[in-house]
Amino acid sequence: MKNKLGILLALVAVGSGVAWGVLRASPVDEDRFAALSGNPDNGQTVFTAAGCASCHHAPDAEKDAKLILTGGQKFPSDFGTFIAPNISSDPVHGIGGWSLTEFASAVTKGVSPDGAHYYPAFPYTSYTKMTDQDVVDLWAYMQTLPASDAPSQPHEVGFPFNIRASLGGWKLLFMSDEWVVQNVSTEAETKGRYLVEALAHCGECHSPRNALGGLDRNNWLAGAPNPAGDGRIPALTPNQLDWASEDIAYYLESGFTPDFDSVGGHMVEVVDNFAKLSAEDRTAVAQYLKALPTAD
Amino acid sequence: MKAILTFATAASIAFVGSAMAQEDFSANLKARQGQFRILAINLGILGDMAKGKMDYDAAAAEAAAHSIHGVSMVHQAALWPEGSDNMSIDGTRALPMIWDDFADFSSKWDALGTAAENLVSVAGTGREAIGPALGQIGGTCKACHDTYRASAN
């Protein structure tokens with residue numbers, strides 16, 4: 001912990017001094033999406049695959065109420081407890097008043113409309129790999145969702161992690177738009193890689209992190225402690241997860257493991273999302289996982 | 001001396017207290033975990049048919065559905081005595097929250113019964129009907145496990 005503090009303070013010093021230009025929160029270019037128009041139908045698929053509602057629905061929401069992105073769910077971590085904000089279409093308390101550029105900056109760069117860094121509990125380090133068309137479509141869809149006027153609650157994060165400027169250094173060290181798995185051999189694996197690494201952000205829970213909370217890309221999807229403190233998040237690499245490809249796809253559809261135990265914890269939300277995607281999408285994820293390199 | 005005696009008395013009372021609290025729930029655990037095994041084995045038969053791993057057989061599908069329905073008719077109260085949660089004893093993943101709202105816990109089990117009735121009515125009608133009916137059953141498993149069961153390991 002002391003070590004963590006030291007490194008972070010050093011980052012803060014760097015962030016606030018010499019390299020300010022590199023570390024500041026810079027939004028995406030205004031004209032990047034100019035030629036694209038949003039398709040809300042595909043946006044809905046992106047929204048489901050990206051699991052937006054799973055974290056942003058109200059803590060006790062069920063069924064259709066999960067589409068009211070009022071926020072309030074708590075996510076404990078080594079750095080404090082993050083509370084999902086209101087990202088409903090409400091223009092005051094949600095994101096209804098944002099421009100497409102502001103939305104894209106938030107989702108793909110972790111930069112807020114007023115130029116602050118978001119904490120990476122918001123998985124923009126995965127969403128940074130989202131295609132421009134999917135970003136535009138997602139925005140088109142999210143504007144059709146209901147508004148909630150519940151104010152966002154502040155995160156429960158203490159010093160020094162409450163200094164958001166330090167996240168500029170964090171991003172420089174740990175944010176990359178390169179694929180973790182460079183070699184994919186089939187169309188299905190390529191699609192699976194996009195779903196796993198970009199949209200569904202599986203690595204955020206299934207990969208271990210270093211002392212500063214950066215993902216350990218050398219142990220990609222090799223399992224990790226549960227930040228919520230309840231058990232361990234299992235490995236998905238083929239040497240650990242010996243399920244057949246069709247068993248993985250069936251699990252994502254039905255929530256049943258090969259021996260017909262049922263899914264639990266936050267993964268219930270993930271399976272609910274995957275069940276709404278196409279059978280091809282679920283198979284693609286399975287193919288990608290089966291082709292994963294074995295962790296060291 | 002007096003202090004030592006008082007301490008010893010307090011310690012022995014505490015010991016007796018904890019020994020009394022440690023009731024033997026092994027039969028309850030075996031019963032409730034056994035019923036989930038019966039469910040899993042029969043869901044496996046239907047699941048293999050739905051996935052195409054096993055040829056569809058109407059009689060076998062109906063038998064599995066009846067077994068699942070039969071388990072769903074076992075009243076649960078006797079299997080879940082208070083104190084048989086994962087904080088109090090080993091060998092279970094049952095969260096103490098079950099006993100905070102036992103009525104809700106019971107209603108989750110009743111939902112399995114409803115889904116099982118549907119499964120019984122469609123299992124013999126053909127392979128295509130099994131997937132969606134299993135999906136319903138799975139939904140009831142998730143709904144309960146999400147709230148009342150601890151994660152593995």
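Residue positions begin at 1 at the first shown residue.
Just so it is clear, glycine is given a Cβ too, placed from its N, Cα and C backbone atoms.
Residues annotated as heme c binding site in TrEMBL: B:Cys141, B:Cys144, B:His145. Cβ neighbours within 10 Å of B:His145 (heme c binding site), excluding its own Cβ and spanning all shown chains: 21.
Residues or ranges marked as signal peptide in TrEMBL: B:1-21.
Proximity to chain A, taken as a Cβ less than 8 Å from one of its Cβ atoms, holds for B:Cys141, B:His145 among the binding-site residues B:Cys141, B:Cys144, B:His145.
For B:Cys144 (heme c binding site), the number of other Cβ atoms no farther than 10 Å from its own Cβ, over all displayed protein chains, is 19. Counting every protein chain shown, 27 other Cβ atoms lie within 10 Å of the Cβ of B:Cys141 (heme c binding site).
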